[in-house]
Structures are given as structure tokens and as C-alpha cells.
Amino acid sequence: MPRTKPATARNGGWLAGWGWDLLLGSIAAFYAVMAPYTKVEESFNVQAMHDILYHTYHIEKYDHLEFPGVVPRTFIGAFVISILSSPAVFVMRLLDVPKFYSLVTVRLLLSCVTLLSLRLLRVQVKKKFGHQAEVFFVLLTAIQFHLLFYSSRPLPNIFALALVNLAYSLWFKGSNLCTLQALIVAGVVFRCDIILLLGPIGLTLLLSRSVSLLEAVKYCVSTALICIGVTVLIDSIMWRRILWPEFEVLWFNSVLNRSSEWGTHSIHWYFTSALPRSMLVAYPLCMVGVLLDRRIVPYMLPVFLFVVLYSKLPHKELRFIIGSIPMFNVSASLAASRLYNNRKKAGWNLLYILMLGAFLVSLGYSAVTFMASYNNYPGGYALKALHEADSSVKEKMVHIDAFTAMSGVSRFCENEYPWRYSKEEEISIEEFQERNFTYLLNEHHSISGYKCLFTVDGFSRVKLQPRIPPLSLVKEPKVFAHGNMRDPDILSLNWPGCP
């Protein structure tokens, strides 16, 4: 008769299979719950998810028709996350739970999708490089703030990241054509710049004869055509005109080079600022990993070329190259594993101690970065405080200026009647006195005809100090809440006032 495994062994197997994912998931969930608000970069997808969940087929009520943004984006990612979260949101609507908790729900669902793709990569790292490499891959990811914090942010880059992680796992597995197909879906639907990653990886596979040119063309072209058809069909309906969103983004960013209007950085910024800050101890380790384990070189080189090619564009943000970090972490995990295995040898033991110290420093840096990010959504906190302060049933109109909207306010943050909201732009300070707004949320300290009720501080900078802890956050007033002085009900409430 076959022997059954003891319960402890079965439990150990479950923990071995999912324990690391629970660790990363817990950290990502902590970030999403503690800093649930979203910034302007996430505006399109977060508003789209709200509208899909709350306005369903009433497209005329959707936010993007009133505030279309600079370039159109696809609705496909928003549809996927909305469908997955719709059962939970449906229950919350039956129970009259505030929409804010729907925001937390969709962010947690997005994080689950991102981390599921990271799990697929982790499993392949274990199969190809061993258990120790897997362990250090998870630990390095856990102490990095940005990757897990971004995992729940509804950005096109994060929808693409899930497919990039899938592509990496398929690449390690040897499913080379599927690797190319995953990257094409990411590039055609979510981020056209993934072509800069697809090119080097595709060229590497062709030069190593892992795929034939004929097969690659056949599979890639057919996948691209299907994806173009799907995105054009769905997004043309939603945007009410025929369009392929990522083609318009490609034209705007690359051909017209208009992205530089949002700021520029030096050509080396990704390598000297973005990657060191986001990867921390894994950044030097990933370089060492290439030297110590040649197996990672064919995988690292195309991803490195991706960052080099992206460096040519003057407008730079970490989210543009966030898809490179998981692969760089794999290389770093190989270096950390080698240092661990040789920790008792002369010379290596000092390097091992230095690595442990760098782990602790990285953990401390991530804690400080989280605190800065936590205080980086003054608009969201201001609207929440306003809702809590005024519980009357009298109808109230709140004007939200551009800065407040860009620093945390979305439609998920709005309450039902008696609250109403306006994001009307280009209103001068003098004109507010003539308008019948009940409350104003903006970045002005004083406005004629309105009383400053309270302020919300936001992150300003990090300051060094000669004590423990050596770093402190400097905050300053960012959003000011004003009440209409012609409304006696407002003046009768107990407000903290403005300094």
C-alpha cells in the first residue's frame, strides 16, 4: 500500500510552495492599505475601474470623456481588474460600504495579479538556479520598497509588468515563442515601449538559434494582429472614436517627443539614480552576479540593453523601466547565494558581513521611503477629513483644484448625496467669491470670502540629523480646506483652523 505523508510534511510542502508568496503579498497589501490613494499617473485606470464598477454600461457618465488626459489609454486592464473585484464590490454596495473600500479592493486585486506573475518567475528561478537563489530572490524583493509598492498601483506599466514577469518565467522555462508572445501582448495593449525589451530578447533568441526567424515572425505577427484587433475594438467603443491607444502613445512620446514636456533627466539617470534607489543592495549584487554565474548573462544582457535604449528618451521615470528590476534581482540573488555558500572562507566572510549590513541599510531606507510615500497624498487625506468633519444632511458642493486631484483624490474617494463635487479648471482666486461652493480644497492659504478651516501636511524632503534615527521627514502644508463664510452652518462647526 502507498505510504501517506505525515500532516507536517504536507503543511511544510504548502508553506514551501506559497510561504514566500504570502510574505511578499503581506508586504504589498500593507503598502496598499496604508497608502490607498493614487496619484495623477494612475488617474486614468483608477477612474476607469470606478466607472466600470459603478456606472457599468452608462459610458456617457465616465470620467475620461470629461477629462481625457494627454493621450488615450486602453480600458482592457481596468476591465480585467474590475471583473475580478466586482463580486466583492457588489457585496459592499449592498451593505452601503463607502466607495473608498472599493478602491482598496481593486488595488489589492491588482497586486494579486502582479504577485502571481512574480510567483511564476520565482518558481522558475528555483528550478533553474536552485533553492538558495529563490530564497534570496524573495528576500531582495521584500526589502525593496518600490517594486511591491508599485505592484498595486493601477498604471499601464504595472499591467505590462505582470506580462513581463510571465515572459521572464517562460524564458527560463524554455518556452521561447510564448516569451515573445507575452511581450507582444504587453507592448501592443499596455505599454508600447515594451518593444525596447522585445527587440533585444528576440534578437538574443534568434542569434542563439532558440527560435527560427520564420516561426518568430509567424507567431509574433499573428499575436500582434489579434491584440490590435481586440484593443481597437474595445477602446474604440469606450473612447467613441476609432483608435489604437498605444499607437497614439508611441507617436506622442517617440515621434513628436512631447514626453519631454513633463521634465527631463540626464542620459545616465536610470543607472545612477533610479535603479540604485529602487534596488538598493541588489544593485551592486546584480553586477557581481553576472561575474560569478555566467548562466545569467544571456538573460541579463537583453534586459540591460532595454534600460540603455530607454535612456535615450529625455523624459525618465522609474516606472518606465520597472520591468527590468525582477531580472536584475535574479542576478543579485545568484551573487548573494554565492556569498552565503562561501561565508566561512577567508575573504568571503568579510564580504558576507558587508552584504548583511547592506541588507539592514536597505531595509531602513525602504522604511523611510514608505513613510515619505505615506505622506505624499495630502489631497486624499484632506477630502477624507472634510467628510468626517461635516456629517450634516444639507447639500454641499466641494471644489477640488488640480493639485488636490493629482495628490490622492479619485472618484472612489467621493461620497454619495448630500456631497457633490466639481473639478472645474481655470477658476481664478477672485472668482471663487462669486461662486456658490460650500468648500474648497486647494493649495492657497487664503481666499477672499472663505475661511481656512484646516490644512493637510505633505512630504517635502528628508533631513539628516545627528541622532537616532539619522533621517527625519520634513512636512509642510500642502492642501488647504476653505469654507464659505456665507454659510453659518460651516462656521458653527469646530474646525482646527490654519496656522
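Keep in mind that glycine also has a Cβ here, set from the backbone N, Cα and C atoms.
TrEMBL labels come from automatic prediction, so no person has curated them.
TrEMBL assigns the feature transmembrane segment to one of the listed ranges (236-256, 320-340), namely 320-340.
For the transmembrane segment (183-204), the partner stretch with the highest count of Cβ pairs under 8 angstroms, out of 75-94, 216-234, 267-290, 296-313, is 296-313. If you count C-beta pairs under 8 angstroms between the transmembrane segment (320-340) and each of 75-94, 133-149, 155-171, 216-234, 296-313, the highest count goes to 133-149. No contact links the transmembrane segment (133-149) to the transmembrane segment (296-313), because fewer than 3 Cβ pairs that are 6 or more residues apart lie under 8 A.
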